[in-house]
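So that you can see what the record holds, here are the features copied from Swiss-Prot:
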{"type": "TRANSMEM", "residues": "4-24", "note": "transmembrane segment"}
{"type": "TRANSMEM", "residues": "50-70", "note": "transmembrane segment"}
{"type": "TRANSMEM", "residues": "72-92", "note": "transmembrane segment"}
{"type": "TRANSMEM", "residues": "119-139", "note": "transmembrane segment"}
{"type": "TRANSMEM", "residues": "149-169", "note": "transmembrane segment"}
Amino acid sequence: MKQFIEFIPLIVFFAVYKFYDIYMATGALVVVTGLQLAYSWIRYRKVEKMQLFTFLLVGFFGGLTVFFHDDTFIKWKVTVINVLFALGLLISRYGFGKNLIKQMLGKELQAPDPVWDRVNLGWAGFFTVCGLLNLYVAFNLPQEMWVNFKVFGLLGMTLVFTLLSGVYLYRHLPAEQKNEMKK
């Protein structure tokens, strides 16, 4: 249920865009992302850092988009978020010695540190590619294609990369953990 709730702002953005325009969709995105944050606080008495970070960026870029009536800002948001995610993974690992991917998944999956480092680098590269692809699509193709790319293209790419990361990690798990997962 919690994962579904994370997709609600994206679904609302797409639906409002299809019936109205980018500015109404952006306004709806800001409002629904804020409601999502409030729901997390009310339901779980906790707001994830990533959720708050995303809300702040959506609010900032979305607010600029609506205020100036210029879709350039909301288009840049996707790239900024992806590049900041990539930088966060790299700086955390190589600046502070903490692998964020391992911190998120390491309790459930026991893989060697070099494997976690490759997965971390892979995700940093993935986020960078997504940010660059977004720039290309946002500023070289029609707005409707960008919206479809943002909603379906990036989501599909993320699901595929998540699956590939899982397969890669699984290959490097200890045999006893693999056997446990098969049960």
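In case you wondered, yes, glycine gets a Cβ from its N, Cα and C as well.
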Would you mind listing the long-range same-chain contacts of the transmembrane segment (4-24), meaning Cβ under 8 Å and 6+ residues beyond its ends?
32-33, 36, 39-40, 58, 65-66, 69, 71, 74, 143, 147, 151, 155
Report, as numbers and ranges, every residue of the chain located at least six residues beyond the transmembrane segment (149-169) whose Cβ falls under 8 Å of a Cβ in that stretch; write 'none' if there are none.
10, 13-14, 78, 105, 109, 111, 115, 118-119, 122-123, 126, 130, 133-134, 137, 141
